[in-house]
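A short worksheet on the structure shown next.
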């Protein structure tokens with residue numbers, strides 16, 4: 001009787017210990033040859049389930065924090081650090097833990113942390129908080145948002161210039177106001193180039209299931225779409241794999257994927273019969289790192305934007321379209337995109353961010 | 001007519017593709033449960049398979065090239081998967097622990113080991129994309145058959161057809177061979193089996209390790225057709241769907257095959273239904289919930305009573321009766 005429980009206990013505890021270890025990490029970026037800046041801000045980030053190497057906004061935020069650390073000669077663990085949440089029950093405890101370890105500025109990465117950050121911020125009025133991707137209410141919270149619709153507009157322009165079939169696709173994660181911004185901006189961009197281009201919009205209702213992403217991409221490519229823009233996180237991997245499979249069977253067929261959040265050039269690479277191809281046309285890059293650095297710098301200057309909502313867009317390089325794939329993303333496309341970018345920056349075009357605004361935008365085309 | 005063929009041509013290959021990892025894993029589940037061991041750990045076995053498949057693929061690709069790598073990865077993932085499943089066998093057969101609790105532990109453990117090893121090996125929380133993905137092909141000769149060819153044999157994966165053939169092989173093993181008879185008897189009435197000289201514990205060990213073999217292969221196939229890398233969410237719920245397919249298929253290999261294909265069709269209808277002329281007028285919410293509603297309806301109405309193996313979930317204590 002005892003033996004069986006002992007074994008089970010060992011098995012269970014081993015699994016918990018290992019699961020906890022997976023999130024740790026002991027790399028230390030120490031800077032021995034210089035002195036830390038005297039007016040540094042002790043800053044930390046709390047990730048969502050993606051973790052600091054999710055090849056997406058969590059990683060980008062961490063890179064921003066590391067860049068800040070390098071610049072001011074700070075040490076990880078001492079002056080700045082991250083806390084990874086492995087499930088949504090850990091947001092609260094991670095935020096509280098960093099707060100209690102005397103971090104002056106704590107970032108919550110991702111809209112999923114909204115409730116947790118509002119709660120913890122209320123309990124700790126002396127600590128400063130910043131939330132990425134969503135607007136949070138609170139006198140000691142700064143909200144960081146991005147004009148994703150602007151970037152999506154630009155990649156929409158690129159898609160419209162690239163398509164040969166006159167049909168493009170959009171795969172969203174969850175049908176939510178945030179992802180709708182991507183969809184709406186993209187549609188506006190495509191239609192601005194050629195209103196006759198058809199756009200197939202589908203939502204996977206998941207950010208992680210690559211299987212669903214791939215099935216959607218499969219049906220889109222089958223019905224003659226040749227460029228797909230995904231805003232679906234891990235489910236988007238399925239879109240890349242479908243495009244790569246098509247390319248592998250028929251290297252002459254042109255299918256393209258537009259990546260999201262980071263430059264997803266690497267995800268699109270494949271090799272067929274010793275020839276290298278890349279299906280990533282461009283990516284809608286969201287520079288969370290720039291925003292994180294910016295908020296920290298402002299705090300160092302004593303100008304923490306408490307209670308404010310900061311919107312990063314094209315003008316502050318918070319949003320851009322990647323041009324890594326030079327073969328596919330030709331000079332013509334690039335200069336055309338630059339053209340539209342300037343028009344947006346000048347205010348000549350007001351890119352829609354909701355479905356209602358899109359309807360209006362399309363009527364005025 | 002041609003519209004219908006178009007629709008079939010878009011639904012069936014995608015449904016089949018989705019069903020393949022489920023078929024593999026569900027066959028593993030059939031082995032385990034037929035021997036009387038509940039296997040909630042199928043999800044964990046798939047996670048293990050996905051992790052191994054991806055890591056081995058990354059490591060061997062430079063040596064083996066694009067044709068061999070995926071197959072070798074799947075086979076090694078299956079073999080190590082069976083060793084991993086033996087933990088479940090040790091817990092439930094030798095130590096007679098609660099089978100559900102042990103299965104849950106397997107699920108946690110697999111994800112823990114996977115993420116921990118990735119962190120140790122590559123220093124990050126997820127792997128790079130693998131180069132040696134499974135690739136679709138046209139199956140020679142068969143794809144030239146009119147009507148059926150384009151639907152079933154064009155742009156398909158060899159793994160799809162291996163899964164179907166394996167379902168029949170497993171059916172033959174379980175119902176037509178002495179080994180299968182022993183396996184079933186151990187799951188139905190271990191005392192009777194013991195009294196005629198069958199080593200109950202050994203049979204159960206073999207069955208659970210076979211479930212690890214198939215589950216590992218299923219996970220590796222999923223990773224190498226869909227995700228392309230390993231991270232926390234690579235396998236999310238497929239193992240549980242496979243478990244449902246085992247029950248839905250009444251613990252019968254061919255039933256499990258049918259159930260897995262059914263889930264595949266339901267899922268691909270929900271995912272790609274919006275792009276099909278007949279279905280695009282239905283609000284997408286209904287298509288999204290369709291797989292679950294269809295499953296409940298099928299379980300209630302069509303399948304009838306699902307009879308589990310009689311000794312399922314009860315450890316065998318020699319001479320206790």
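Cβ atoms here come from the backbone N, Cα and C positions, even for glycine.
Note that the coordinates shown come from a computational prediction; the quantities given were computed from them, not determined experimentally.
Marked as transmembrane segment by TrEMBL: B:12-32, B:44-64, B:70-93, B:100-118, B:157-175, B:205-224, B:230-249, B:256-279, B:285-304.
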**Complete:** Lying 6 or more residues past either end of the transmembrane segment (B:157-175) yet within Cβ distance under 8 Å of it, the residues of that chain are 16-17, 19-20, 23-24, 27, 30-31, 34, 74, 134-137, 139, 183-184, 221, 225, 252-254, 256-257
**Message:** With CB pairs under 8 Å as the measure, which of the listed stretches B:12-32, B:44-64, B:70-93, B:230-249 comes out on top against the transmembrane segment (B:100-118)?
**Reply:** B:44-64
**Fill in**
Given the transmembrane segment (B:44-64), its same-chain partners at Cβ distance under 8 Å and 6+ residues beyond its ends are 21, 25, 28, 70, 72-74, 76-78, 80-81, 84-85, 103, 106-111, 113-114, 117-118, 121, 127-128, 130-132, 211-212, 215-224, 227, 229-230, 234-235, 238-239, 242
**Positions whose Cβ lies under 8 angstroms from the transmembrane segment (B:70-93), at least six residues beyond its ends** = 37, 39, 41, 45, 48-50, 52-54, 56-57, 60, 64, 99, 102-103, 105-106, 109-110, 132-134, 159, 201, 204-205, 208-217, 219-221, 224, 315-316
